[in-house]
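Data block below; observations after.
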Amino acid sequence: MSFNPAALLLLIVGLGLIGWLAGRARSAMVAGRAGTKLHSRPQYHGWYVALWLFAPAAIFLAVWSSVAPAMITNDVLASEAAQRLPAFGFERSAILSDARGVAQGDQPSVRIEGAGPLVEPYRAATQKYGMIGIAAMLALALAGGLFAFTRIRPDFRARSRVERIVMGLLLLASLVAILTTFGIVLSLLFESIRFFQLVSPAELLFGTYWNPQSGAAVEGTFGGIPLFWGTVLIGAIIAMIVAIPIGMMTAVYLTQYAAPAVRRWVKPILEILAGVPTVVYGYFAALTVAPALRNFAVMIGIPNASTESALAAGIVMGVMIIPFVSSMADDSINAVPQAMRDGSLALGATPNETIRQVLIPAALPGVMGGILLAVSRAIGETMIVVMAAGLSANLTANPFASVTTVTAQIVKLLTGDQEFDSAKTLAAFALGLVLFVVTLLLNIVALRIVKKYREAYE
Amino acid sequence: MTQEDLSIADPKMTAQNVNVFYGEKQAINDVTIDVGTDLVTAFIGPSGCGKSTFLRSLNRMNDTIASARVTGKITLEGEDIYDPSMDVVQLRARVGMVFQKPNPFPKSIYDNVGYGPRIHGLAPTKADLDVIVERALVRAGLWDEVKDRLNESGTALSGGQQQRLCIARAIAVDPEVILMDEPCSALDPIATAKIEELIHELRGKYAIVIVTHNMQQAARVSQRTAFFHLGTLVEYGKTTDIFTNPKQERTKDYITGRYG
């Protein structure tokens, strides 16, 4: 019998099931004998036993699976055969892994000379720790199950306990995302600190020339302003010029004028658009919109017109953002009480006047929140700008010229063969950190605005 | 229903054989009634009897409900308000409305009152608008309480003040009729008393129709009372007659608290 985590997991799930049935049966029996009513219904006692059986064993299984290989290797290294191994380096680990492969049945025979004598110690150690692991796991499962089983009494509050455990599980699940984010921030932070030891933060934030080279950091080539400007020009200016009016008009139409049948179709379609992979928009921007815009710019005589332009990326990004803006504006306008609309109409205002002068002002905070969220999404967007905006860091207000953004530069810095300790590569992390902080702030402000506004009508 | 009570010499609004449907469901069944120019008319009846629905058909607020349909004839000064030539915007400027829950706009007190005159172009200059706003607030009995803080938000006022602000807002466009849909149901007794007092003062300047759950209120503020039940107009007459000498058994049962 070998130590196979998947099979063992199935085994304890099976044991848990038995525990469930046993706990349920026993609780009913106990209650019958005592002639009293159970505090908790039998299935809660069943769950209580099952959880006590399953959870400690599963946790042990997870821990054991991760520490057992190291213990096996230790054992092997202590064996007589291992004394002849080279002391360090690649060869040593290759021999060990070869022997392990044979011992665990992943390969038929050794490929490297010298691994042969190690197979047997490996096999023995694997066997030993496998048995120990299985025995300990089963003991833990049975101990947990018995502990829970013996606690079953009519007045035992199994329901409260099971519910508390379930709550714990839910809490754990919600923490996963938060802790992961936290880890990401930390890793960003560490790499950024390494970067800032080579290049000063002031240069990155306020410098106006961006041309990082491999090798040693050259003073004055890490100025982030052209990137920040490109990001703002595309994400916060051009995209919003497209998305805000169209999104608002969409929301006004859908909430105020559209027949229910139209709304039933258009709203889900818009929401589906929000889920289209951005690379698809990127193709559209690069292959269709950008060349068309360039031809137009050349026709009207604008200098520096490029096939990669801020305008193309910005317009397509704006289109991509429309569903965000319209859906937030839709929610905000709908949240304005009907009484407000009726009050205006009853004064003889036209629907148009009502929308412009009452509904939109009342919905404005929510709409603003939605717009900020959209901006935060737009400045973090990558594919469209990589494909359509270009990679040359120009500091220009000409929307037909090629500009670059923070995200596009991060992609450029990290693709290809890079050393992971040069200033050029580390700059990507610093840029990522800046982007993260800015979008985080935008999101916080946006959510606060939305929340405050919601409270106003409740 | 007795005929003599219906005779009002100079009716402001008339309704003849009016039916209102919400989809398939009939909410108002063949109602015929006149609303007097210088009178306060109260609509009473148990919940769901259709009195609010009928009130909302007098300024075509039912138009905002997609499934609502009105048949029969309703006139304002002899003009059919459901005639295609009738501009609903104009109609609502002439027939104002005050709602159950105070619904001031999230704007300043001044802008709340000035909203109607502005959209109807009643005030060419700021000075004109100042006059209109002040006059409306004075008439609504709110001027002394708010004259020093006209720029504060209307939603910051108390419930009773908000409702008087809504009345001022309706008055500001100089309507001929004011419809009030249970204007005191969300207010405390003191605020209610102020609104009732206000209705007394407004009587004669505007034709007023008030829907109320509160029979004492109907008795206090109105000269004519109409009793609705299950979508039909059961009895309509002088308020004193309805409350002291109802002709219909159902009216009597309701007045004496047998149901409702």
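Cβ atoms here come from the backbone N, Cα and C positions, even for glycine.
Unlike curated entries, TrEMBL annotations are predicted automatically.
Given the structure is predicted, the values throughout are model-derived calculations rather than measurements.
Positions annotated as domain 'ABC transmembrane type-1' by TrEMBL: A:229-446.
Positions annotated as transmembrane segment by TrEMBL: A:6-23 (among others). Remote same-chain residues near the transmembrane segment (A:6-23) are listed as 42-43, 45-54, 57-58, 61, 134, 137, 141, 145, 148-149, 152 (criterion: CB distance under 8 Å, separation of at least six residues from the stretch ends).
Residues 5, 8-9, 12-13, 15-17, 19-24, 26-27, 38, 133, 136-138, 140-145, 147-149, 151-152, 156, 158-159, 161-162, 165 of the same chain lie 6 or more positions beyond the ends of the transmembrane segment (A:44-64) yet place their CB under 8 Å from a CB of it. According to TrEMBL, the transmembrane segment annotation covers A:44-64 (among others).
Using a Cβ-Cβ cut-off under 8 Å and counting only residues 6 or more beyond its ends in the same chain, the transmembrane segment (A:129-149) has close neighbours at 1-3, 8, 12, 15, 19, 22-23, 26, 48-49, 51-57, 60-61, 64, 68, 71-72, 75. Taken from TrEMBL, the feature transmembrane segment applies to A:129-149 (among others).
What TrEMBL records for A:169-190 (among others) is transmembrane segment.
Look at TrEMBL and you will find A:227-248 (among others) tagged as transmembrane segment.
Residues annotated as transmembrane segment in TrEMBL: A:269-290 (among others). Using a Cβ-Cβ cut-off under 8 Å and counting only residues 6 or more beyond its ends in the same chain, the transmembrane segment (A:269-290) has close neighbours at 250, 307-309, 312-313, 315-317, 319-320, 322-324, 326-327, 381-384, 386-388.
Sequence-remote contacts of a segment are chain residues at least 6 beyond its ends whose Cβ falls under 8 Å from one of its Cβ atoms, and for the transmembrane segment (A:310-329) they are 230, 233-235, 237-244, 246-248, 250-252, 254, 267, 270-271, 273-274, 276, 278, 281-282, 284-286, 289-290, 293, 363, 366-367, 369-371, 373-374, 377-378, 381, 384-385, 388-389, 398-403, 450. Marked as transmembrane segment by TrEMBL: A:310-329 (among others).
Per TrEMBL, the feature transmembrane segment maps to A:358-379 (among others).
Positions annotated as transmembrane segment by TrEMBL: A:426-450 (among others). Counting only same-chain residues 6+ beyond the ends of the transmembrane segment (A:426-450), those with a CB under 8 A from a CB of the stretch are 185, 188-189, 191-192, 194-196, 198-199, 204-205, 212, 222, 224, 227-228, 328, 365-366, 368-370, 372-373, 375-376, 379-380, 406-407, 409-410, 413-414.
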